[in-house]
Structure formats: structure tokens, C-alpha cells
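Feature list (source: TrEMBL):
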| type | residues | note |
| --- | --- | --- |
| DOMAIN | 56-170 | domain 'DOMON' |
| DOMAIN | 174-366 | domain 'Cytochrome b561' |
| SIGNAL | 1-26 | signal peptide |
| TRANSMEM | 213-233 | transmembrane segment |
| TRANSMEM | 245-266 | transmembrane segment |
| TRANSMEM | 278-298 | transmembrane segment |
| TRANSMEM | 310-331 | transmembrane segment |
| TRANSMEM | 343-360 | transmembrane segment |
Amino acid sequence: MKASFKFSAFLFFQIFMSSQILKVNAQDSCNSILNLESKLLFDTTSFHCLSVWDQQGYILRYMRTDTNVWSFVLSAPNTNAYIAMGFSKNGKMVGSTAIVGWVANDGTATMKKYFLGGQSPNEVLPDEGNVQLVNLTSSVIVENSRIYVAFQLNTEMPSNRLIYSIGPAGMLPFTADFRLSEHQDHTSTSLNYNTGQSETKTLYANLRRSHGLLNMFGWAIFMPIGVMVARYLRHYDPIWFYSHTTIQSVGFILGFAGIISGLVLNGRLQNNVNRHKGLGIFILVLGCLQVIAILVRPDKESKKRKYWNWYHYITGRLLIFLAAINVFYGIHLGDAGSSWKAVFSMVLVVLFIIAAVLEIRMWKRK
């Protein structure tokens, strides 16, 4: 019995250790040795190595291997999706040339060059682009659950604005026309080839920040404050009314500016953010309806005033609810980080606590 237990424990230990070894081997890092020399079509000794996209586990190795020849090896986890590395003049995806590699379910490895002439699939052209590949040196290899895309460029100096992307899982290009599906995620970086330093570039950072702050303060902060003034400070008549109108007007102006800046940003980045954009426009429409409602507000003695109050109440609350959701969604889309989410969440919690305290005091007065 003891022998059986010891054997089972030993067997479990062996299986555990084997799984850990496989797990380590499935990972790639700049501290590990690239054991692909027999499979690659060029020597990778003494290559620079750096992690270029931690979120997706992308690692780039590169080196100038001849006078006008630059060699690259991009590795990433094999998720049954294509991986791509684009060379851009300005950091934008449109107008860049991408080197894309993938491995089909049957093990067929493919690498293609694409010119990204636009956002639609018809404008992404295979075997086109403004970079020149060195013939017979490209390869795509799968090793230890990672995919390696190796290629050489014939150029004096490659563009330092690099874009990395990953395709949707299970949607590989068909061999008929090699049409490329829209990427699942991407990042834009800048690489100093001499020092090996890479940094993520946020295009139009100031415009992004302005768009986020204007909408956050306009729709999701000033508007709730204005609502609380109208609900809890009515005993300070007519100060509450003028305060409510002023605060909501400031919120509307800031929110309107935020929507406009968002449309400008979308036009420059040409990103697919249709849900965020559509929700923002709907919020703006609700805001415009609130402004129109003020202009046609019935007298207090009017029978229609009750229905107007219902409309004004429901529309205002719906606007604030959707605005809060869209701000969080915008932070997610802009990859602004957890600090933005944390600060905005804290602001909402503070506003909620204040509203709860004022609500209790109002009910006690009744």
C-alpha cells in the first residue's frame, strides 16, 4: 500500500514537473536561447532582442546583417490567428506595409506582404507594399506553442514606426485570395534600432485626453451634479433653478465639445469604434432634447406639466446612465489604463454617497 502511494506520488511529481517544463518551453523571452538555427534561413546570432507588446507576448529579434539588409524574427503565442508587423511612416495603419504570418490547422505555414491602402478588406492588398523582402529568406515556424515569423528587408534603414497586430482566432486568410480579416488588436510603437529601445506611441495623445476629459466632466460629472441640485436644493428657490440651469449648460457645452473632438479623433485615427461613436451621438441627441425641452416647458399650472416632468426626469437619468457606461467603454477602447477607471469610479462613488445622504435628509424632512 505504501509502495503504491509512493509510486503514485512519484508519478504525480513527474507529471507536474513535465508540465512545468513544457510551460517554460512554451514561453519565449530575451533571456532564452533561440533554438531555431537549423530551421531559419539566416543566422540569428547576436541579434538584438526586446519585448515589444507585453499584452500579447510579442518578442522581436532584429539586426543589420549586411550593408542594406535587415533581418527580423517576430515571435508570439500561437493562438490559431495571424500575427503581423507593419512598417509605417507616421505610426498609422493605413498607408503602412505589413508582414503577416500564420499556420493553418493542417500545418501549412504562410507569410505574406500586405499594403494597407484603407480600412476595407478590398483595400488591403497582398504582395504589395513599399518594403522589399529579400528572396528565399522568409519562413514561418511553430515551436513550443509559439509562432515565429522570420524575414529580411532590403533597405538602408527600415521605418522606426512599427505596428504590431493579431488577427481574430480561427479566421486565417484563405489561400484563394489571401484576404486579411480585420485585426483583433494592435499597438503602435517606435523603435530605436541603435539602442534597441522600443516605446508605445499613442497617436494624438492630447486630443485623446481632451476627448476623454471633456466627456467625463460634461456628461458624467456636471450633469449628475445638476440633477442633484434640482432634486435636493429646491427649498432654496429660485437659486436652485439658476444653479441647475447653469451647471447643466456647462455640462452640455463640455459634452458637446467632447463629442466633436471624438469625431475629429475618429477621422484621424480611422479606428473602428462604431459602438462608442454611436452611443456618444445618441447621448448628444438626448442632451439636445433636454435643451429643447427647457425652451418649451409648460407653466406650472398647465396639465401638461406633469408629463413634461416625467419626460425631463427619464431623459436626464438615461443620459447620465449611458454617459457613465460610454466613458468606461472609451477608457477601455483607448487603453488609457486602470488609473483612469479608478479615478472615474471614485468620482461616481462620491457622487452616489452624496446623493444617498441628501436623499435620506429629504425623506426625513417630509
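Don't overthink the numbers, they just go from 1 along the chain as shown.
Cβ atoms are placed via backbone N, Cα and C, with glycine included.
Nonlocal intrachain contacts for the transmembrane segment (245-266), taken as residues 6+ away from its ends with a CB within less than 8 angstroms of a stretch CB, comprise 204, 207-208, 210-219, 221-223, 225-226, 229, 273, 277, 280-281, 283-284, 287, 290-291, 294, 323. Helix first, then strand, then coil: DSSP counts for the domain 'DOMON' (56-170) stand at 4 helix, 63 strand, 48 coil.
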